[in-house]
Amino acid sequence: MNIVAYLVISLVLSAFFSGMEIAFISADKLRFEMGKKTRITSRVLSFFFKQPNNFISTLLVGNNIVLVVYGILMAQLIEQNVLGGIIENRFLLVLIQTVISTLLILTVGEFLPKALFKIHPNLMLHLFAFPLSICYVILF
């Protein structure tokens, strides 16, 4: 795969971790407790609600790993393909890389997912309960 594909994957994962964090914080815990006996996803999520500090820490670790990968890949992409021979000043190149990377990750990886996941937090938690549990096992 090329660098753009890895960048897209890192943006999607960052959006996932950020969105799940706000969904977890905004969720109605009472609904999960009431539906715990009928839905398997509610049982999975109730495990997370019993250990909120561990769960939030795991989401933050996952997001930080993804952000480091994103930063490295974005710097390579901008330096090699976008501004490679155009800008010779190293300081200016790093400044442009930082501004572009920051704007993209804040928009796609933070603001949009948090806004979308906050609208229906319980639905989002149920939809992504199993991928979330896999990430929890890997990162915790």
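Note that Cβ sites are derived from N, Cα and C of the backbone, with glycine treated the same way.
Marked as domain 'CNNM transmembrane' by TrEMBL: 1-140.
Annotation comment: TrEMBL describes 6-27 (among others) as transmembrane segment.
Residues of the same chain lying 6 or more positions beyond the ends of the transmembrane segment (55-78) and with a Cβ under 8 Å from any Cβ of it are 3-4, 6-7, 10-11, 13-14, 17-18, 20-21, 24-25, 48-49, 93, 96-97, 100-101, 104-105, 109, 135-136, 139-140. The transmembrane segment annotation in TrEMBL covers 55-78 (among others).
Taken from TrEMBL, the feature transmembrane segment covers 90-111 (among others). Beyond the transmembrane segment (90-111), the same-chain residues lying 6 or more positions past its ends with a Cβ under 8 Å from any Cβ of the stretch are 11, 14-15, 18, 67, 70-71, 74-75, 78-79, 83.
Taken from TrEMBL, the feature transmembrane segment applies to 123-139 (among others).
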